Amino acid sequence: MQPPIYNHHRLPPAGATSQSNQSQSQQSQSQQAPPPPPQGMPGQQQPSVLSTSSNVRLNEFFELIKQEFEQVGQEGNIWKAQRDEYEAKIQQQINELGLIRQSLYELESNHAKVRQEYEGEIARLRRELESRGGQSGAGPSGVPGTGGPTSPPELPRPGNDERDRPPYGKSLPGPPLNGAEPGGSRSPYPPPGGIIPRPASTDRERDRRNRERAIAASNVPPSPPVHLSDLDPDNVSRELKKEGGDWQAMWSSQMRKQLDVALVHTLEHETVVCCVKFSNDGKYLATGCNRTAQIYDVKSGGRVTTLQDEAANRTGDLYIRSICFSPDGKFLATGAEDRQIRIWDIKQKRIRHLLQGHMQEIYSLDFSRDGRFLVSGSGDKSARIWDIEKGLCVFDLRIEDFIHNEHGPIDAGITSVALSPDGKLVAAGSLDTMVRVWNVQTGQQVERLKGHKDSVYSVAFSPDGKCLVSGSLDRTLRIWDLTGTKREAEILPPGSKDIQKNLGTCQSTLNGHKDYVLSVAISPDGQWVVSGSKDRSIQFWHIATGQAQLMLQGHKNSVISIDLARSGGYLASGSGDCMARIWKYEPYSGRE
């Protein structure tokens, strides 16, 4: 029998069993009991105290931030309330100003209506006097209008036309009145005591003399017309006439044909075209009409842009009476009937400056050649010079030497201004028949040019600044020699006010228009004066001889404004027929 296999182990010594059991029991207890806390640390409650302290500090910080936020919010609400209050006050003042302006417009409108009624009554009384055989002697009432319902308000005439009225009792041509002999006194009233009977022989003798006069007059051949406006187009030779679709040109037979002319574009507008102006480079033409200024491409005739102030008062008409490009072509200045000058940024189509200060309508504008200054003329009897960069008035040139008649001072409202090419002189035409010139450096008036018999509506300097041309309601143009005035302005030391005055003289008077001369211009070469008239014609005059070269006809109403491009070759005209036209003129190259 095989002996059993034993695992031979070393027996523990006596008492080892109990020690082993005890060690196992202690090891088990050590595994179950938690480790003692490290030395130097508090007991089980220390982490809870730290957490509570941190939370308290954070809450305090949050509370401070909340209080700061609430305080800022309250201050913001206060500022907002103040802003709203100020805006409300500003809006209230704007509304009040609008009401005041509206009241002024209504007063002016009522004044115009009353004036028209008085003028109508005066005209009726004059007609009644004329029907009785009297001499009314009144000049035309009002100013050159366009006759249409859309025409702008017209410029006022000088206060009274008594200067044009021949006194009663003077010897006047024509058949006798109330039995008086020819050349005797022409009383507008019948003799006292009724009609005095005359012998039949006296009446027969008078009739015989009248018949003899009529026969003698019929045998005298009519004198040939002197002026282009007197010519009959049907009787003008083919060499002196040029016709287009709806226009024609006639040349004077008394002067060698030196210019040729043709119509380039006809630009239709919705209202009367009050003003036209070329840009300095001659590439664009600006026109002013009711509420809008429009810019056209001269080459194509297409409209480039339209400028309109949407913030302007929308009640009634608001005609733009004057317009002018800045020399660099970036800005356009417009003067309107609301007495404000707007400087437009053409590219942005927004107003850069709004120049205020004139008390009546703005009738004329002109930029200096360097573009720094703008001169404006207004019906308030002042011309102002503005700093364009700052938008401020630097000179206020006022008329103080008023012309008087038996009724008091005559209205001297300025209708046209022009700045000399060197920027040293400002010329202004006014309703009181005078042309005045100021020295820009001193602000002194240095000329009062007297000669026109009626209101002056347009002035323009020659390119060299030595001549000034003026157009008037007396149907004439005058060319003034300002050589001495220009020289005096050039040699004047800075800051000096000791300047000689009244050195200008009238060089020549140009006659030929049948009605008011409303606009004048001088060509860039200084050889030609161009004029637009209420007789619907445009005439070219040779400045050296004073003779008319040609006459353009095509507009169906008054030619209110003309301009010649400084680059040469182009003429623009604006009319009461709601048309602006661009013409081309050049030296005549055909056979003489």
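Just so you know, glycine gets a Cβ as well, placed from its N, Cα and C.
Annotated region 'Disordered' per TrEMBL: 1-54 (among others), in sequence order.
Feature annotation from TrEMBL assigns compositional bias 'Low complexity' to 18-32.
Taking DSSP states H, G and I as helix and E and B as strand, the domain 'Transcriptional repressor Tup1 N-terminal' (57-132) has 75 helix, 0 strand, 1 coil. Annotated domain 'Transcriptional repressor Tup1 N-terminal' per TrEMBL: 57-132, in sequence order.
Annotated region 'Disordered' per TrEMBL: 130-243 (among others), in sequence order.
What TrEMBL records for 134-148 is compositional bias 'Gly residues'.
TrEMBL lists 201-214 with the feature compositional bias 'Basic and acidic residues'.
Taken from TrEMBL, the feature repeat 'WD' applies to 320-354 (among others). The repeat 'WD' (320-354): residue composition by secondary structure is 0 helix, 23 strand, 12 coil, according to DSSP.
Away from its own ends, the repeat 'WD' (355-396) comes close to residues 155-156, 321-328, 331, 333-337, 339-343, 411-419, 421-423, 426, 428, 430, 438, 440, 443 of its chain (Cβ-Cβ under 8 Å, at least six residues beyond either end). The repeat 'WD' feature in TrEMBL is assigned to 355-396 (among others).
For the repeat 'WD' (414-448), the residues of the chain that approach it from at least six positions outside its boundaries are 155-158, 363-370, 373, 375-379, 381-383, 385, 395, 397, 399-403, 454-461, 463-465, 468, 470-472, 474, 478, 480, 482, 485-486, 488-490, 492, 494, 496-497, 499-504, judged by C-beta separation under 8 angstroms. Annotation source TrEMBL lists repeat 'WD' at 414-448 (among others).
Within the repeat 'WD' (449-490), the DSSP-based counts of helix, strand and coil residues read 8 helix, 19 strand, 15 coil. The repeat 'WD' feature in TrEMBL is assigned to 449-490 (among others).
Within the chain, the repeat 'WD' (510-551) has long-range Cβ neighbours (under 8 A, six or more residues past its boundaries) at 143-144, 227-229, 231, 249-252, 254-255, 257-259, 261, 457-464, 467, 469-473, 475-479, 557-568, 571, 573, 575, 583, 585. Feature annotation from TrEMBL assigns repeat 'WD' to 510-551 (among others).
Sequence-remote contacts of a segment are chain residues at least 6 beyond its ends whose Cβ falls under 8 Å from one of its Cβ atoms, and for the repeat 'WD' (552-586) they are 144-148, 150-151, 244, 246-250, 259-278, 280-282, 285, 287-289, 296, 298, 301, 516, 518-525, 530-534, 536-540. Annotated repeat 'WD' per TrEMBL: 552-586 (among others), in sequence order.
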May I ask for the residues of the chain that lie six or more residues beyond the repeat 'WD' (320-354) and have a Cβ under 8 Å from a Cβ within it?
-> 152-153, 274-281, 283-284, 286-293, 295, 305, 307, 309, 312-313, 360-371, 374, 376-378, 386, 388, 391
With DSSP, how much of the repeat 'WD' (414-448) is helix, how much strand and how much coil, in residues?
-> 0 helix, 21 strand, 14 coil
So what pLDDT does the domain 'Transcriptional repressor Tup1 N-terminal' (57-132) average out to?
-> 86
